[in-house]
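The structure under discussion appears below in the form of structure tokens.
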Amino acid sequence: MNPADLPDTLDVAPLTGETGEPCSFGILIKPCRAGRHIGELSVTWLRALVYSHQLVVLRGFDHFASSDSLTRYCATFGEIMMWPYGAVLELVEHANPDDHIFANSYVPLHWDGMYLDTVPEFQLFQCVHAAGDMQGGRTTFSSTNAALRIATPAVRELWARAHGRYQRSVELYSNTVEAPIIGIHPLREFPVIRFCEPPDENDATFLNPSSYSFGGINKDEEEMLLVSLMKTLRDPRVYYAHQWQTGDFVLSDNLSLLHGREQYTHHSGRHLRRVHIHGRPQIANHHLVRSE
């Protein structure tokens, strides 16, 4: 795709944050006329946009009528990271959920694949049906390299000493991970934050939380670590909450962003599809704690 052609065919603008100001990351792309399909856009161009902007929202395009159609498209974007259930995770509220992912609860900030042998580079999301504007369910994103830029030297020094240890058991895995708070992007070498945010400790309704501990710092520094991380990662300069519209298609960089979800109204009909795309080459998860 020739960038010179973009003004006549596509409307490209920065994402807008809570303050009404443009976000420091992310772009919104809309077609200038109806009837244009997502599959008509250059995959090479879209990948380059994710590298440059971390988060790309496509809105107003014709999209995929089924999970099979979505899977075929995603395979052109890169090698799909397959799960026992297949390529596509249907993110819908379950009647009797056994995990917070399938409840209507909030989801704390985290990165995908943190408990698996390989970590996906990209997430592709399709919004099959959006919750109402006042029903919650926004997907939240935090740019960790931007967070590192705005952190004070004292806070950054604290983060540099700390590491998190997380354990989680679900139907598909039961693993332990130990990751430094400040790590290095496994393909591009710039610093990023790897942090799995604990849920609200007073929320007894949160289903199947991970277990958390933090090392490398003094015990009396742990509260400062968590407070500074949660405050900085939600600073409007580095944070974006996406209000879904039916048909939205979102591409995100799993290696430099953290993401989560806001609580949404019970029985709202919120339905997303998610596909993971491997890195080139595949990214081994060196944070897994291997049993001897």
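Positions of Cβ are set from backbone N, Cα and C atoms, glycine also.
Annotated features, as they stand in Swiss-Prot:
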type: BINDING; residues: His110, Asp112, His259; note: Fe cation binding site
Legend entry - His110 (Fe cation binding site) in three-state DSSP notation: strand
Inset, instruction - Could you tally the C-beta atoms, other than its own, that fall within 10 angstroms of the C-beta of His259 (Fe cation binding site)? - result: 23
Inset, instruction - Give the sequence-ordered set of same-chain residues, not counting His110, Asp112, His259, with Cβ within 8 Å of the centre of the Cβ atoms defining the Fe cation site. - result: Val107, Leu109, Trp111, Met114, Gln123, Asn254, Leu257, Leu258, Gly260
